[in-house]
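The transmembrane segment annotation in TrEMBL covers A:15-33, A:66-86, A:98-120, A:140-162.
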Amino acid sequence: MEATIQQRSSTTGRILNSLLLIALVSHAMWLFGNVYEAIVDAPNLTASPAAARQCWLDYHSVTNPIFYHIPNTPIGFLTLIVAWWRGKKSLPPNAQKWLTWATLGSLGAVLLTVYVVTQINLRLYFGGPNPDNADVLDLANQWIVLNLLRIAFEVVTVVYLFRTYLTFYSSRIIRTDYV
Amino acid sequence: MSNVRRLHWFLGFTIFGLAHWFFGNLYETVVFTPNTLSDPATALTHWNAFTKVTNPVWYFIPLSPLTFVAAVGAYWISRDHDKSLRNWLLATLLFTLVAVFMTVYIVTQINLNVFFSGADLLANRAQVNQLVWRGMSWGIVRLVCVGAALYTAVKAGYRVLRTGSDGT
């Protein structure tokens, strides 16, 4: 059996397709960046915390993780919000539900990020008086736990966004099967 | 499990693994490389003093080698499918293979000397400089290769979606 394949092509469909794809790639980038930090950065701050923190600061003299996450993360979040808004009219009902879960996951990750940056990162990585071993260890442990929660939110977002994209892409395919 | 479902799983794992690999390498290129290049021996001395508990190897092993295995599996399973799908999967496999070879070269010829040797890097500035610049060049080529592998794997995924579940 062979099939001729066409793609339903409308401006609305193409825009939503692009929005979903950008949001998916952006959130995957965010997720794997946070996973990288969870594995490679944070555990090293738990042994000789103050000395390790100083080594981290001395090493990152040119760039730091902000360069990786900005502007990607805000772009991904805003794109997802727009996709969710536009998808209310043109997505199948189950995909709408998944996209809502994805948006809520992303919102949770953004709120956690605001907290982590303002309450932990600014003290742990960016300036302020040098904290002692106990302070650094406490901040690092908080960061590790909250980052795991953030990763969980991002996994929810990426999984549901992926399902939404697959469903939307498949719904736009017109199959004409013949033997 | 049917042949098509096996292909879905292997291709899905390949795309996931390549995305993990690509964004890990991208993170290093953005967050680490400029710091290392500014003054390689000094920067790496700080870095080696920092990474006492974990290091980037923990991120890439075992997922990146498993990704290569998944790419081989996806290509093997697709042997009865259409030529276009096979071509995309072959491209994925070849780009992944090149990235694996580059990684073996980078790890054995550069990383073992500057990250894991325990040598005094500050006493060998010229040699460290040379190794770091060579490692950065190969690292960027590898990033492009992994990106190309990811792109071709996604194109194979689109092909699977567009040809439906029979895939013939």
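Yeah, the Cβs are placed from backbone N, Cα and C, and that goes for glycine too.
Take the transmembrane segment (A:140-162) and the stretches A:15-33, A:66-86, A:98-120: counting Cβ pairs under 8 Å, A:98-120 has the most. Long-range contacts of the transmembrane segment (A:15-33) within the same chain, counting only residues at least 6 positions beyond its ends with a Cβ under 8 Å from a Cβ of the stretch, are 65, 68-69, 72-73, 75-76, 79-80, 82-83, 86-87, 90-91, 102, 106, 109, 151, 154-155, 157-158, 161-162, 164-165, 168-169, 172.
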